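I'd like to ask some things about the structure below.
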Amino acid sequence: WGHPCEMCPAQPHPCRRGFIPNIRTGACQDVDECQAIPGICQGGNCINTVGSFECKCPAGHKFNEVTQKCDDIDECSTIPGICDGGECSNTVSSYFCKCPPGFYTAPDGLKCIDVRPGFCFSSLTNGRCNNQLPQPLSKMQCCCDSGRCWSSGAAAAPEMCPIRSTDEFRKLCTVAALLPARHDLPPSRPDIIPPPPPIIPGVYPPQQPEIVYPSRAPPPHMIVPMNLTDYCQLFRHLCLNGRCVPTPGSYRCECNKGFQLDVRGECIDVDECEKNPCISGDCVNIQGSYICQCRVGYQSTATRTECR
């Protein structure tokens, strides 16, 4: 008050944190923080509770206590050994693997499956691997069917297949049903090649069959049929605040009004307040837009984006 300003004496707070006095009755009532605090719980669902609030974040996100927003979890840097030697790319809510040659990207994009051909042994006698099968098989084809040992090449020592019902067996064989089983390659004809993936007319030119695989194609006698992955169908939350558009082996985001692409290809909120749009008022940035808090003597418009 006054010139120069002097501080008014501090007023005692009649209500505890998260409550406010009712203007008419003076009784303490709960504050709905979800309504009262602009931008709270950004990227998640704000649920008001008595005296506080709760933030429900979508899958692949965690609540940041400092910013009070839902942050995307970068699985690539938090999960050890992710993608089994492939290249991990973080996406909003999830991730996907780009796999090296000889590995196949799982249909959900979340792991690399070893499809390198090797030698399969059908029996184990006194700790030694016996009965080498005539056709080359991947470790998965060998061990998830009836093989007992597998070797990656002539110079490599055979390794025992994981025992059924163990975690190691489940990890190797959960996607076995998606790949050709051993009986697709009859022992009498080791030269038979499973048919290559169908080429979709008018979409991918036949002279580029490698586009069909998210990773480079496995060796010719191990061609694995696979449909083109539509990441937008596979991961429902790839483009928060935007629309997901599938592209060959990937996707891109088209952002909603009030959002723009950042360097990672995600839609982030545009801070309209940087352009000072509120003449005669204070600008408050909110998700996808902004509001003007008008000074005394000015009134906000219906959209709350200017002061008159």
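Even glycines carry a Cβ here, placed using N, Cα and C.
Residues annotated as disulfide bond in TrEMBL: CYS273-CYS283. Annotated domain 'EGF-like' per TrEMBL: 30-71, 72-113, 228-266, 269-306, in sequence order. Annotation comment: TrEMBL describes 118-173 as domain 'TB'.
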With Cβ-Cβ distances below 8 Å as the criterion, list the same-chain residues six or more beyond the ends of the domain 'EGF-like' (30-71) that contact it, or say none.
16-20, 92-94, 237, 240, 269, 284-287, 291
How many of the residues that make up the domain 'EGF-like' (228-266) does DSSP mark as helix, as strand and as coil?
4 helix, 15 strand, 20 coil
Using Cβ atoms only, which residues of the same chain lie under 8 Å from CYS283 (disulfide bond) while being at least 6 residues apart in sequence?
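In sequence order, GLU272, CYS273, ASN276, PRO277, TYR290, ILE291, CYS292, GLN293 meet the Cβ cut-off.
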For CYS273 (disulfide bond), list the number of other Cβ atoms lying within 10 Å of its Cβ atom.
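Result for CYS273 (disulfide bond): 16 other Cβ atoms within 10 Å.
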So how many of the residues in the domain 'EGF-like' (72-113) end up helix, strand or coil by DSSP?
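Helix (H, G, I), strand (E, B), coil: 8 helix, 16 strand, 18 coil.
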Across the domain 'EGF-like' (30-71), what are the DSSP residue counts per state (helix, strand, coil)?
4 helix, 18 strand, 20 coil
